[in-house]
Amino acid sequence: MQILDGKAVAAFHRERIEQRLDDLHERQIHPELAILLVGSDKPSAMYAKSMCKVACSMGLKAEIYTEPSTVRETELIAMIEHFNEQPSIFGILMMMPLPSHMNATRVINCIDPRKDVDGLTDKSIADLFTGRPGFVPCTPRAVISILDYYHISLSGKEVAIVGRSNVVGKPLAQLCLNRNATVTHCHTRTRELSKVTQRADILISAAGRAKLIRGDMIKPGAVVIDVGINRWEGKTVGDVDFEEIKTIAGAITPVPGGVGAVTTMMIVENVVCGTKQTE
Ligand SMILES: Nc1nc(=O)c2c([nH]1)NC[C@@H]1CN(c3ccc(C(=O)N[C@@H](CCC(=O)O)C(=O)O)cc3)C=[N+]21
């Protein structure tokens, strides 16, 4: 069984992105990333922290703006509008999910699409769905980027995606379709989930539930991509029961050190390199 090493993938992209950032600095352009963290969602706090660490290590200025979950929607929108107007800010990253008392769609769509580095606005979503250039959400991009690095083709493959969030599951299905995969999209109401997952050549779990994917759910030799971030006995684990599947799967991304490690690099790339063609 092969470990798909996210750190190696991130390192592969790092040099080119740093070069681009150096070029900008030489031209006296100093891009900044504004990270908005609302409430106390653990994965979001973890992401914000590693995002800052990676950005700083590469010479990209990144700042976390933390607000309590009780912050008013109007106040949050005012912050976004301020970032929209500030020329030094190239990217605005809104951590999801937002507290339930807010209208997340309304808040997100206040982000200037030119600064929407995580591809969350309606404009970015429409661009992705119709194949126009635009910002693509970074976690799904990280998944594709890992498959590309290891030369795992999606074309004609049976792909099962578990989880249908707007940040991960839905855009990921679109990216896999663009690569000519046959996509089955599973979720909490899917009946006989294991029957569907057993068919998959590539199984991607983004459900956010520890030990959801067990050994008897995968096809021998399948590629398993674990996007989950969960706490289990004080440790960070994915959705996949690693011990159970390690003798059955052909390849797997670990948590940590898998998809998450690449996601942060994709954000930096979006901030310093601008929009990408739909992948
Ligand atoms: N708009 C938005 N986009 C997201 O992509 C998004 C989000 N909101 N909200 C929260 C989740 C969570 N998430 C993580 C990404 C990277 C790591 C990460 O860097 N993990 C490293 C280090 C983990 C560690 O410190 O142990 C690793 O897996 O190797 C973690 C979590 C992105 N999310």
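Placed from the backbone N, Cα and C atoms, the Cβ positions cover glycine too.
Annotated in TrEMBL:
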DOMAIN    4-118  domain 'Tetrahydrofolate dehydrogenase/cyclohydrolase catalytic'
DOMAIN    137-277  domain 'Tetrahydrofolate dehydrogenase/cyclohydrolase NAD(P)-binding'
BINDING   Gly163, Arg164, Ser165, Ile229  NADP(+) binding site
Cβ under 6 Å from ligand 1: qualifying binding-site residues of Gly163, Arg164, Ser165: none
Around the Cβ of Arg164 (NADP(+) binding site), the count of other Cβ atoms that are within 10 Å: 18
Largest tally of Cβ atoms lying within 10 Å of a Cβ, found at which of the binding-site residues Gly163, Ser165: Gly163
Chain-internal residues near Ile229 (NADP(+) binding site), provided their CB is under 8 angstroms and they sit 6+ positions away: Lys42, Pro43, Met46, Gly208, Thr236, Gly238, Val255, Gly260
Within the domain 'Tetrahydrofolate dehydrogenase/cyclohydrolase catalytic' (4-118), residues counted as helix, strand or coil by DSSP: 59 helix, 20 strand, 36 coil
Secondary structure content of the domain 'Tetrahydrofolate dehydrogenase/cyclohydrolase NAD(P)-binding' (137-277), with strand meaning DSSP E or B: 49 helix, 29 strand, 63 coil
For the domain 'Tetrahydrofolate dehydrogenase/cyclohydrolase NAD(P)-binding' (137-277), the mean pLDDT of the predicted model: 96
